[in-house]
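Working notes for the structure below.
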């Protein structure tokens, strides 16, 4: 049965309406769920409105349920985040297994927002064996609702994952896997194709696979070609240190509705590993890497990798892959995001001279906000059921806000 929705154009402007429709299309194009747009609100339906902040009910409640895309929320990632709430998904850091992955400092949470950090149970939610993902579009950033927003209230237990939390570019591979598993979308294709690299058949288009970030092609057997334009490259590691420089975005002084993405693969012979040393990540230091990030995957390619917004975030360490492949991605929502990394095969003794692979000249961006920031609230009312009869019975009303600009600001930049 299609999910009915209505966009209230008396409050929602044309640009936001277009983003909402593209957000709905994203979920429809990557799952077996179907949506139908109504010309007038009718119970039950999801009604998109422009209210104070961004919020949604969790799941289906059988009435006309409001989903607000307020000022500062008019971004594709935030819209798909709120739609995912309407589909029945709680925030990632509310999972019942969250304590294995994060530590929460409850003394640095605004008292009115303390319920935002409730931990669900395995009787109110199910994870469907989908792994915890710091880069889920449903994960809070490190200082959401902090009393002192210059200090985190969420700490990642895994090294180098602190800046991965809070991304609002788009739902990732595991976000899609959770919905496709919960709504029994997997296995609906009558024809079978062999997806590679842990991809799975797209229930909305059985001729292609849904791929982990960094992989592309119909079967996930290629490097992701980039968005919206072809970019990135594949290079070969050797016994010598080489340098790779990459970039995404452009020089236009504006926020992009849809971020630029470029992916880079560093390959080595089977049975070897690759070591990496990052020299720079040219972009703006921003909360949740709102303006862009550099991501590196060195192990589990289905989960989000380590993400850094700017050079200040880079670890002073050599990273080693678990296999003969390293994946590096750059994502930019504003101007350009760049990186420079040196790489070689681990424990390789051949002596040669150093070479350099340069894809585009880059300059390090300033580590400050490029323009004036606007705050955004995100409020959730947890009192509903999902479309698949899973019940969510918590009844707290949540008001989310992000105070101040600077390092810990994730929402709209009003240039």
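Including glycine, each Cβ sits where the backbone N, Cα and C put it.
Annotation source TrEMBL lists domain 'Peptidase M12A' at 1-190.
Taken from TrEMBL, the feature Zn(2+) binding site covers 81, 85, 91. According to its DSSP assignment, residue 91 (Zn(2+) binding site) is coil.
Annotated active site per TrEMBL: 82, in sequence order. Within 10 Å of the C-beta of residue 82 (active site) we count 24 further C-beta atoms, all protein chains included.
Taken from TrEMBL, the feature domain 'CUB' applies to 231-346. Confidence in the domain 'CUB' (231-346), given as mean pLDDT, stands at 96.
According to TrEMBL, the feature compositional bias 'Acidic residues' maps to 376-401.
Counting only same-chain residues at least 6 apart in sequence, those with a Cβ under 8 Å from the Cβ of residue 91 (Zn(2+) binding site) are 116, 138, 139, 140.
Other Cβ atoms within 10 Å of the Cβ of residue 85 (Zn(2+) binding site), summed over all protein chains shown, number 23.
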